[in-house]
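Annotated features in Swiss-Prot:
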TRANSIT   1-26  transit peptide
BINDING   Cys131, Cys524, Cys527, Cys533  [4Fe-4S] cluster binding site
Amino acid sequence: MLEKGTQSLVNRTIKLRVLGGLTKKLAAPQNESLPELKPQLDVYQKFLENLRAFPTKNKSVPNSPIRYSYYKIANKESEAVNRNLLELFASKKYLPFLASEIPKLPPPYVAAAAPMNPKISVTQLLTDSWCELRSYYDSYACSRAAPSAAMVSGTEQHKSLEDRTHKPEINVTKEIQKNFTPIMMDQLKNFERTLNLISRFIDLLTIGKAREFAVTAIINKETKELIDVNNLQKLAFVHQKSPCYNDQFILASGYLDYLRSESYVNGLEKEKWIQNNYSLNTLLETSIKGPLTVIDVKTRGKPIVTKSKGVLIGHRYQIGLYRKFLGLMSGENVSGINSPISVDQINETAYTLLVTDSVQRGYDVDEPVDPVVGLVMLANNPWIITMLEQICVNDLLGNSLYDTFHAQQSTDYSWDLSQVNPKDFYQVLEPSLLQRTEQLFTKWKRPLSLRSITALISKFYPLISKKLSQNTKIMYYTDGECFHTSNYLYNPKAINTFMEDKVKFLIGQRPPRPIEKSEIPQKCGFCRFQSICEYSNLYNPVT
């Protein structure tokens with residue numbers, strides 16, 4: 001374990017001082033011994049304290065650590081960020097630029113991870129898609145740059161495409177939710193990602209496509225590889241009960257933009273599946289006839305594809321990573337080959353990764369949700385009725401890991417809806433659900449929790465394991481319409497090599513690489529670190 005005086009960075013007990021002394025303390029994730037951080041944490045903590053003392057012009061800054069809020073950084077704040085970076089990098093003798101020699105600091109992935117969620121995103125693995133030096137400085141800058149106009153436009157276009165594919169669910173329980181306690185609201189929010197994933201799977205099997213599809217994987221820091229089905233269950237890391245930093249493993253997650261069947265036959269409508277309780281296999285056999293293609297969507301203000309070599313290479317590796325993550329969750333081994341494994345093993349793999357992801361996000365996966373929260377989820381998301389029925393009436397859910405876990409739990413985990421008045425929900429439940437919900441108002445065989453619903457989500461992955469295509473696509477959009485498509489053959493060996501290189505950077509085993517000199521005029525003008533970047537000013541000085 002780290003010494004008491006140097007525990008501050010990993011524990012992230014952050015005191016935020018803005019607007020005349022506003023202070024907030026955050027609970028800390030556990031630490032599983034990070035000896036490589038011991039010499040550097042005091043320096044880094046001093047840097048954090050200095051940075052968080054600078055004033056802000058925006059009086060609506062949320063009561064959260066500055067480094068994780070997305071408010072616009074004015075020039076004065078940018079100067080403060082850069083000034084403190086100079087101090088952190090011990091650059092006084094190099095002024096006005098950052099030191100040429102990389103200081104001994106916590107590795108970039110630790111510095112960049114959110115305090116309550118010790119994990120990284122897929123995009124953080126794309127360290128040099130723009131400039132790796134910028135990625136490096138961003139990790140330690142303790143504040144994110146304000147999104148550009150292009151980024152805001154891209155977010156809006158992605159949201160529009162998502163809503164076009166997946167009809168936004170209507171909240172029919174607003175009046176009921178007005179009486180929710182803060183705990184009940186937190187429970188409902190913690191289920192959002194899980195409910196979206198279920199919805200995406202059902203839409204994939206009913207309309208042949210899904211957008212914003214959650215994926216997750218675990219990186220072995222020693223081998224620089226992703227963990228596959230053959231090694232996953234051996235890791236103590238996946239059996240933790242709370243967020244932690246780990247010497248050996250890093251959790252990575254992201255959202256795949258678009259998953260689409262290349263040969264789709266109009267199958268069952270989502271509503272009919274709800275009414276008739278069709279099985280997942282029925283949906284698959286009815287609608288999905290061809291391979292499922294992983295697609296990444298890039299949005300543009302004008303119908304022009306970038307010519308930047310680094311950006312294009314980054315796009316190709318990004319779509320490869322999404323394909324890799326989804327393949328691993330569906331039973332492929334790290335070489336990208338379908339392993340001779342059983343449906344149960346695929347269930348267990350997906351279940352383990354999803355539970356670990358929820359834990360690293362700080363969620364209590366075993367906390368039974370309030371019964372009223374469960375019914376609100378059903379009213380707003382009627383397509384989960386089949387899953388709720390299984391949790392209610394079945395002794396076994398068909399996932400050996402979950403069934404074994406539940407058998408070892410005490411009766412404190414029971415869940416009872418018999419005390420809830422069903423009439424309170426009759427006005428907001430769809431007619432097709434009214435009769436089926438009657439059996440839910442009793443004592444359930446299993447509690448409704450993130451863990452139990454995840455055990456049922458894992459059943460979707462064997463359905464797609466043999467249907468993932470080796471072809472991937474990048475689709476470029478402007479104003480909601482695709483104007484160009486690039487096709488790439490999935491190359492798992494190349495992705496493994498890419499992963500090895502990027503993980504070395506993220507864990508501090510190699511220094512960042514600057515961009516090509518020829519790219520400096522095009523890229524450095526958009527970087528908030530240009531004024532203190534020695535490399536940029538050496539070849540293109542700021543005047």
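Please read every residue number as a count from 1 along the shown chain.
Backbone N, Cα and C atoms are what each Cβ position is placed from, and that goes for glycine too.
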Could you work out which of the binding-site residues (Cys131, Cys524, Cys527, Cys533) has its C-beta surrounded by the smallest number of other C-beta atoms within 10 A?
Cys527
For [4Fe-4S] cluster, what surrounds Cys131, Cys524, Cys527, Cys533 with a Cβ no more than 8 Å from their Cβ centroid?
Leu133, Arg134, Ile515, Ile520, Lys523, Phe526, Phe529, Gln530, Tyr535, Ser536
According to DSSP, which of helix, strand or coil covers Cys527 ([4Fe-4S] cluster binding site)?
coil
